[in-house]
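J.: Below is a structure I'd like to ask you about.
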Amino acid sequence: MTYHVQINVMPLKDLLDPQGKAVMGGLVNLGIKSVNDIRIGKHITLEIEAESAEAAKQIAETTATKLLANPVMEFFEIEVVG
Amino acid sequence: MKFGVVVFPGSNCDHDMLDALQNDLNKEVRALWHKDKSLDGFTTEDCIVLPGGFSFGDYLRCGAIARFSPMMQSVIEFAAKGGKVLGVCNGFQILCESHLLPGVLTMNAHRQFVCKNNYLKTPGGEPLLIPVAHGDGRFQADEKTLDELEANNQVLFYYCDEQGNVVESANPNGAVRNIAGIRNKEGNVFGMMPHPERAVSATLGNEDGKKVFELLGLL
């Protein structure tokens, strides 16, 4: 069965995120002052052949741990969407 | 000591490295394509170099995809056997992604590509002027790792001023503790953001890079 899995990879909370800082400056220039902070990561979608949603999640975990995210600078969240 | 320089798709300092080693440092050197696997002819007395550039377009993270090239599996085995490995710039990023060195290189704090000469403080020596050229050179690691690196004398180079003072104003990218280059605990894997291969020719007016190769025991 085919499962669609989404992975969000984000920079660790205590690390400086230069991209987020740059976009924050853009928002200020746009006149939007109510946004306190922006952090930018990656949204990755996978199509996985697996026997169950749990198995699909396991495979996604492996891809995230081994390649898609680097735990020294990032954390990730996985969601099986169908 | 022979040298092998690994060429990845997107490497762009490979020819500088090959030329510097062969013509300025008079070393035997050959290029190694990333899709090959053989390190035949190399012994642990030799050195494999991962050059600078933008392997695989820096997609995902700098160095993350290169780490899975067939040649890198051989380089990881070579390093485990005690062979010398030097990574410069993108090569340093690949070594961190390969877990041959701790930490990671992240986007420069000021978000700009930096390309200039920068002084480096070396172990017990005079400051060396070495070119830097990178957008993702901000070394990061957790405090425990940083303390261990310094306690074990694994930090090879700190960004410094002309007098050798390790100060924030001499830090081109926001690297923690001004770290520009490190080695592994065993002392056979070296990674650095600055480019010593760009400073080995009298014709170009700066030979400080030769002292870097000397310091690493590669000459």
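Glycine is no exception: its Cβ is also placed from the backbone N, Cα and C atoms.
Whatever TrEMBL says is automated annotation, not expert-curated.
Features from TrEMBL:
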ACT_SITE  B:Cys89  active site, nucleophile
ACT_SITE  B:His195  active site
ACT_SITE  B:Glu197  active site
J.: Work out how many Å separate B:His195 (active site) and the residue listed as 'active site, nucleophile' at their Cα atoms, rounded off.
T.: 7
J.: How big is the Cα-to-Cα gap, in Å, between B:Glu197 (active site) and the residue listed as 'active site, nucleophile'?
T.: 11
J.: My understanding is the cutoff is Cβ-Cβ under 8 Å with a sequence separation of 6 or more in the same chain; which residues meet that for B:Cys89 (active site, nucleophile)?
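T.: The list for B:Cys89 (active site, nucleophile) reads B:Cys13, B:Pro51, B:Gly52, B:Gly53, B:Ala133, B:His134, B:Gly137, B:Met192, B:Met193, B:Pro194, B:His195, given in order along the sequence.
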